[in-house]
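According to Swiss-Prot, the features are:
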DISULFID  C33-C57  disulfide bond
DISULFID  C34-C73  disulfide bond
SIGNAL    1-23  signal peptide
Amino acid sequence: MKISAAALTIILTAAALCTPAPASPYGSDTTPCCFAYLSLALPRAHVKEYFYTSSKCSNLAVVFVTRRNRQVCANPEKKWVQEYINYLEMS
């Protein structure tokens, strides 16, 4: 499936804006918190792993780590996020 340059630009811009923030600059908990979610699904081939944000964060989120080690926040209630998690667990 081909992705147009405009769609790819939108996805990458959204990913840059939805990167996780550190939970606490001074605490020992290094799990980031997310304040916004990615609006469109990432290409699954770009995702290599995931983790959940800390329970100390105000928003529950899934953080996907891309092949280029970028961290992107996603809404754990979205169907595509759940499908990606299942895929990563099976591989």
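In case you wondered, yes, glycine gets a Cβ from its N, Cα and C as well.
Counting other Cβ atoms within 10 Å of each Cβ, the disulfide-bonded residues C33, C34 show the lowest value at C33.
By a simple count of nearby Cβ atoms, those within 10 Å, the most crowded of the disulfide-bonded residues C57, C73 is C73. On a Cα basis, C34 (disulfide bond) lies 8 Å away from C57 (disulfide bond).
DSSP assigns C57 (disulfide bond) to coil in the three-state reduction, placing it in neither a helix nor a strand.
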